[in-house]
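TrEMBL has this to say about the protein:
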type     : residues  : note
TRANSMEM : B:33-54   : transmembrane segment
TRANSMEM : B:91-116  : transmembrane segment
DOMAIN   : B:92-302  : domain 'ABC transmembrane type-1'
TRANSMEM : B:128-153 : transmembrane segment
TRANSMEM : B:165-190 : transmembrane segment
TRANSMEM : B:211-232 : transmembrane segment
TRANSMEM : B:283-305 : transmembrane segment
Amino acid sequence: MSAKTADRIATAVIVAVSGLIVILLAGLLGYILFRGLPNISFHFLTSGPQTIKAGGGIGPQLFNSLFLLVLTLIITIPVGLGAGIYMSQYAKPGRVTDSIRLIVEVLSSFPSIVVGLFGLLVIVNIFGLGFSLFSGALALTVFNLPLMVRITEQAMNGVAREQKEASLALGLSRWKTITSVMLPIAMPAIVTGTILAAGRVFGEAAALLFTAGMSSPRLDFTNWNPLSPFSPLNPFRPAETLAVHIWKINSEGLAPDATQIAAGASAVLIIMVLIFNFSARWFGRYLHRKFTATK
Amino acid sequence: MEQPAVNDQPRVHQRTTRTIAKPHVMEEWVGKVFTTLCVTVLVVTIAAIVYFVASHGLATFITDGVSLSGLLSGLKWDPEGDIPLYGALPFIFGSFSTSLLAAIIAAPLGVCAAVFMTQIMPGLGKRVLQPVIELLAGIPSVVFGFVGLSIVVPFLRSVFPGQGIGIAAGAIVLSFMILPTITTIATDALSNLQRGLKEGSFALGATRWQTIYRIVIPTTLPSLLTGVVLGMSRAFGEALAVQMVIGNAPHIPHSLFESASTLTSVITLDMGNTITGSTHNNALWSLALILLAMTFIFVFIVRFLERRNNR
Amino acid sequence: MRKALFIVVALMLTIGLAACGSNKDNNGGNANSGTENTGNASTGGNANAGGNANAGGETVSGQVLAAGSTALQPLVEQVSKKFMEDAKYSGVTVQVQGGGSGTGLTQVQGGQVNIGNSDIFAEEKFVDADADKAKELVDHQVAVVAMAAVVNKSVTVDNLTKQQLVDIFTGKVKNWKEVGGQDEKITIINRPSSSGTRKTFEKYALGTKSEDVAGSIQEDASGTVKKYVTDTPGAIGYLALSYLDDTVKTVKYEGVEPKEENIVTGDYPIWAYEHMYTKGEPDAATKAFLDYMVSDEVQKSDVTELGYIPVGNMKVKRDAAGAIVK
């Protein structure tokens, strides 16, 4: 067999495999959407779930998922940015830095069920935060933080050395250089990474079963006082997210239309992740244009 | 952020001669303290988890008198029996075989996709394949379990002998979940390859396949393996999706299509039903400790591979 | 300003996480809640619903947190919704969480929740060294759940004796033709060994422990069990009556149909109580909810609608050891 033939065959195989991946994923998405979309309606997206009757919705769950995501990001973004900056700018290469990096890796590949139980016994019980959105956000932080650190570190390392040195040469302090020169340049990569990581938070269930809880109290969507226990904005109320809801109705659902609700909720979840993906791409490109065109 | 600096302006002017460096130093100090604190949070978090899992997991051996070797090599898991038995080998076996098989399925696919994106059609790869794979990373594990239960299990049942559940079903579901990890890392490695190497190879008259096969893959092998190991470690820790399709019988199966268990699946099934502090519950924490130890081992393998790569 | 906030958040986390290393025994209301917004303490801390002293007053108010059995969760959740809609109880908030019977019992015993939902008697969970802990808990039986053996629709058998079930679930009988059915391999869909549902089934249907037969499937969740029984040819499993419908085939036990009239007389023995445990006597709000739970209003509607049997209908009673008490 001549080298040319081998080349052609190999190329064909690789193209075929890549095509296969696209087809498989398209099939997967198609399956989920095909089964789920007919169940989605305005009523489904806005009304509360039903235990035994048909016609339940996922309104509160959808809201909880988004709110929990926001809470998690409020905690992880500052801490993750700080730790990432430390790792890329302040840490001296050596044993300590190496072991911190090791810790980050370990933290990110932690089994989510173990984090959930850790959350139950430490955050829920010992801290006394109870089953609440805040407990859930803290548990999710454990997953999200390492991702944020890695994203920030990589983005900061990607900033051209000349730019950093020029800024330092102009007499700016190191911190000022980081916040005013390097961070804006690294921002598009950080934002894209953050949004993609957010998609994973959105779909997490195992860690939340034991922390944010499996049911929501009655919510009064006209009450926006974050201190009231019925307010949707209260971070110390228990909350069932969309992924947990899917898990729950698949396992113990008694409503006659449980399968349809699970299918519909899965489709909604996938659509949300799709939106995250596209917005990450679009926003990253937008920021990139903005930061590079004006300068 | 600028607010205090502006307010300080007049004062600083008055004392220019004496303390010109002061806001500068303050700023540096704040930055350093803040970032150090963030890293501390990170370190404390992991230390707390490790301490916590270890304290529960080791109680099995210390207070409940289960022997470590018995746990690691015992074949029978019967914690509610008249004589409780804690043999976790079937779970360890299940976890290893499922994640290994998942890696075997996903690695060639991932590497092919990476080669496609970097060497063959970068334009199309970036526009179609990469978004598709990133999307795969975002699909929640609950949905994967649901799809596995409705598609993979019935499919395997109709094609192979057995009930469709088992290591094969678990590995197929997992391979989808770890494909993005493997592909992303492989793509990074391939696109970071020095251009000279590849161009030199082309200049010598090598075909594209020869270049990929003889030059590109061997040079990036450690990075590719890193991706595979990270993927395996993610597969090792996955719980909900696997639990739904693997069958969960506490035995070492005779075939890929017979009910088996993994460490995570048994933890998921039993943890909520047991009383905190009971031997059964502590034994589950011991399994979590094994998972944790495995995560460390995977990370060490990755770092070892990376070091070889840097050399 | 933002910087300061970041530092506060970071500090809070650090202190909080550091604390968990040292004060493991520090439960419930602890030093840490001071770091959080104290205005939220009533929602954050679960155990402080008892703070409402006006037990005898006209209106009860407070927080009730129930956690535990996922099988019981739909019922409690349904009732809690109705309870909170009732104007009489407008001051009470009820939250229902899952987590499993073991979690529920541990949490109520530790004082983190007001009610621990369980599928089985606390005495069966707290054994050996923990046996004393069960004594602190007060049992409130709120419903009776009956279970039935279910098979895939391909199976022609419609009655199984106790011995046949034992043979199947211990792996002695591997083909349906050995128990009078067609020639098809039996696939067992069991529950994990810690499951309360499995304990009930073993105790009252089999009278012995079942084996984790090689090749059997184990799932904890009724929905998943039902899906496997529906989809797998030759499958047998067991489900609570609430989950039965025409996708699976229900088999008779010793010739007795799993119907309410047979269960209340004790002729059909595979049933158990659903328990809601409190630690000591419940406080006003919790008591109001538990009373509501066993009121006719609930027992005659929601309990029966969800496929449970009202406790009051039972003509026989059982104790923790499983002995029938008249």
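Backbone N, Cα and C define each Cβ position, glycine as well.
By the Cβ criterion (under 8 Å, sequence separation of 6 or more), the transmembrane segment (B:33-54) is in contact with the transmembrane segment (B:283-305), since 3+ such pairs are found. In terms of C-beta pairs under 8 Å, the stretch of B:91-116, B:128-153, B:165-190, B:211-232 lying closest in packing to the transmembrane segment (B:283-305) is B:211-232. Residues 94, 97-99, 101-103, 105-107, 109-111, 113-115, 117-119, 130, 133-134, 136-137, 139, 141, 144-145, 147-148, 152-153, 156, 216, 220, 223-224, 226-228, 230-232, 234-235, 238, 241-242, 245-247, 253, 255-260, 262 of the same chain sit 6 or more residues outside the transmembrane segment (B:165-190) yet have a Cβ under 8 Å from a Cβ within it. Sequence-distant contacts of the transmembrane segment (B:91-116), counting only residues of its own chain at least 6 positions beyond either end whose CB sits under 8 Å from a CB of the stretch, comprise 72, 77, 125, 129, 133, 167-168, 170-172, 174-179, 182-183, 186-187, 189-190, 212, 216-217, 224, 227-228, 231-233, 235-236, 242, 246, 250, 252-253, 256, 260-266, 287, 290-291, 294.
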